[in-house]
Amino acid sequence: MITIMANGKINLTLDVLGKRDDGYHEVEMVMQSINLSDKLTIEKIDICDIILDCVVKGVLNKKDNLIYKAADLFLRTYNIDCGVKISLEKNIPVAAGLAGGSTDAAAVLCGMNDLFGCGLSVETLCTLAAKLGSDVPFCVRGGTMLAKGRGEKLAPVASLPAGCAFVLIKPQLGVSTAWVYKNYQAQRVKKHPNNRLMLRELEDKNLNGVCGSLGNVLESVTIGAYPQLAAYKEKLCRYGAKAALMSGSGPSIFAVCENIQVARKVADRMRNDYAELEVYEAVPASARK
Ligand code: ATP
């Protein structure tokens with residue numbers, strides 16, 4: 001039996017460069033894993049089956065669960081003739097822009113690699129991961145990465161300055177990533193993030209510079225549809241965060257704070273003002289070992 005943590009992620013930047021012939025969008029983004037995480041336990045079973053001991057909001061059919069898809073892909077690819085039972089403690093909000101499903105799938109691949117002693121390299125796991133979703137390879141690696149292509153071409157970049165922390169808020173909306181990309185219109189974007197500048201600010205460990213370089217073009221779609229998200233961003237900054245941005249396709253917003261003490265104060269004030277929000281404090285997580 002093996003227990004493995006699955007970290008969520010936020011996007012420090014997210015730019016869409018264009019639409020590709022295969023239907024995906026070409027993106028360029030700086031991704032950061034965070035310690036808001038799910039916990040998975042995977043054990044071998046004698047029968048050739050995948051047993052899931054978990055409930056994921058909105059996922060009614062077991063075979064639609066990314067955990068099932070990842071386990072099935074692993075067993076089939078490596079001709080493993082036994083099964084697994086997987087239990088999940090779900091802490092990352094679903095359909096939130098925090099890669100909750102992608103990170104569970106990545107954890108299953110990494111966990112099964114260890115459990116069955118396959119000795120696969122990170123590169124091989126990432127190739128497998130890309131078959132499950134665009135964010136899954138990043139979730140295999142974690143840390144701070146520049147992602148290109150449809151999100152699967154990864155390069156490690158400098159980490160955030162030590163000590164900084166995040167407040168995450170999840171409004172009571174579920175936003176589908178497919179819907180957001182479908183409604184994306186480049187002409188409605190006022191400002192694109194400058195990824196080169198973001199990488200330089202990370203290199204310099206300049207938190208104010210990082211905050212000044214945050215940007216996500218998908219805000220034009222999701223905040224366009226749900227303007228209350230802009231009010232949450234403004235409130236987070238008024239309560240002491242340095243900056244706030246939507247993560248991924250949303251609707252979660254993260255705010256960057258100087259340290260965890262400030263993050264706790266900002267989080268408490270948001271909880272106090274908005275009973276309808278899920279509010280979390282988090283810190284950057286490093287790459288998977
Ligand atoms: P992304 O990974 O693209 O950032 P997201 O964070 O917006 O996506 P997820 O929480 O990953 O959203 O969920 C996207 C969809 O995947 C959900 O609406 C749900 O239907 C489906 N899904 C399947 N398996 C899982 C799982 N184990 N956890 C969460 N969602 C899952």
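Just so it is clear, glycine is given a Cβ too, placed from its N, Cα and C backbone atoms.
Over in TrEMBL, the protein carries these features:
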- LYS9: active site (ACT_SITE)
- ASP135: active site (ACT_SITE)
- PRO93, VAL94, ALA95, ALA96, GLY97, LEU98, ALA99, GLY100, GLY101, SER102, THR103: ATP binding site (BINDING)
- 65-143: domain 'GHMP kinase N-terminal' (DOMAIN)
- 214-274: domain 'GHMP kinase C-terminal' (DOMAIN)
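Listed recorded positions: PRO93, ALA95, GLY97, ALA99, GLY101, ASP135. Those with a CB atom under 6 Å from ligand 1: ALA95, GLY97, ALA99, GLY101, ASP135. DSSP states for the domain 'GHMP kinase N-terminal' (65-143), grouped as helix (H, G, I), strand (E, B) and coil, give 43 helix, 7 strand, 29 coil.
Highest Cβ count within 10 Å among the binding-site residues ALA95, ALA99: ALA99. Per-class residue totals from DSSP over the domain 'GHMP kinase C-terminal' (214-274), listed helix then strand then coil: 32 helix, 11 strand, 18 coil. The two recorded residues LYS9 (active site) and ALA99 (ATP binding site) have their Cα atoms spaced 6 Å from each other.
For the domain 'GHMP kinase N-terminal' (65-143), the predicted model reports an average pLDDT of 97. Taking only the Cα positions, the spacing between PRO93 (ATP binding site) and ASP135 (active site) is 16 angstrom. In this structure, PRO93 is the one among the binding-site residues PRO93, GLY97, GLY101 with the smallest number of other Cβ atoms inside 10 Å of its Cβ. Reduced to three states, the DSSP call for LYS9 (active site) is strand. Here the Cβ of LYS9 (active site) has 27 other Cβ atoms within 10 Å, regardless of which shown protein chain they belong to.
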